[in-house]
Amino acid sequence: MTEHPEQQYLDAMARAWYGGDERVDRTGVGTKSLFGVTMRFDLSDGTVPLITTKKIFWKSAIKELIWFLSGDTNIRPLVMQNVHIWTDWPLDKYRKATGEAIDRDAFERRIVDDPAFAAEWGDLGPVYGKQWVDWPRYTPAGDGLFRREEKGVNQIAELVGMLRANPSSRRLIFTGWNVPELPGMALPPCHMTYQYHVAGGRLSGILYQRSCDLGLGFPFNIFEAAVLIRMLAQQADLEPGELVWMGADTHVYSNHGHLVEEQLSRSPRPFPRLSLARKPADMFSYALDDFVIEGYDPHPHIKAEVAV
């Protein structure tokens, strides 16, 4: 019998938790870490790797992906859609800067109700989406100086163009790792570099992550990477192939023991199928209703705290 592809994830989680290197990390929580983990997921049958050993809020993941592709870096559009995955970083910054003991719900209400407050405290800096669709572009201005252009490089649009015009290229890449702009980011990109490969009319992709939180981040990361392949394939008139995932520092947080134990006690269920309801004009015109998930029957959700 063929092993369920989700077992790769469960095995990595077990290896990290029971035998990983115990590390004191930036957050102060501590992790148990592996280095250099690879997983492969077949997308050619229409399924997507949406983790089943706990419920994943896949609509929130789609909303985040659409937000990335919009180039926005402020949490307000996410919070207005009841997506809270990025709130903790600006909330932590606000608390430290003001000393105000505000809870997350109150902070999010102010983000939604007060656009000026959101502009000041809800922005994450030049994170993922900014780099994906508006990577800074500079042109010579004379005397050895350079001028930053108003409109940057849209890596996603250029990628689609290359997939259509030169699908055998080895430069089918986009990245969020912009070294000079890292200090201004609330969190440097974890899922940082994506590369694509076309063979036999099928589009495959590799996602490289410098850092991966197996408990909370990984399920969103692989699902969104798989959805991206489906979107890119649709835009370039290709079929989906395979998702290869590569994690450098692949870890479980020390306060996620209950999550690990519970997930490892559960058996994976069949991955669901993803269909796209329409073909939008471009990568930036997709909406939540365009994504149809069928056959998702996960185990119950497991709550765990995010490390900031």
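For all residues, glycine too, the Cβ spot is worked out from N, Cα and C.
Quick look at what Swiss-Prot lists:
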type: ACT_SITE; residues: Cys190; note: active site, nucleophile
type: BINDING; residues: Arg26, Arg170, Arg171, Arg210, Ser211, Cys212, Asp213, Asn221, His251, Val252, Tyr253; note: dUMP binding site
type: BINDING; residues: Asp213, Ala307; note: (6R)-5,10-methylene-5,6,7,8-tetrahydrofolate binding site
Count the other Cβ atoms sitting within 10 Å of the Cβ of Arg171 (dUMP binding site), across every protein chain shown.
10
Could you check the binding-site residues Arg26, His251 and say which one's CB has the most other CB atoms within 10 Å?
His251
Integer Å distance between the CA atoms belonging to Tyr253 (dUMP binding site) and Ala307 ((6R)-5,10-methylene-5,6,7,8-tetrahydrofolate binding site):
8
Tertiary neighbours of Ser211 (dUMP binding site) (same chain, Cβ under 8 Å, six or more apart):
Cys190, Ala248, Asp249, His251
For dUMP: widest Cα to Cα gap among Arg26, Arg170, Arg171, Arg210, Ser211, Cys212, Asp213, Asn221, His251, Val252, Tyr253 in Å:
36
Sorted by position, what residues of the same chain at least six away from Asp213 (dUMP binding site) have a C-beta under 8 A from it?
Cys190, His251, Val252, Tyr253, Ala307
Pick from Cys190, Tyr253, Ala307: which of these recorded positions has the biggest number of other Cβ atoms within 10 Å of its Cβ?
Tyr253
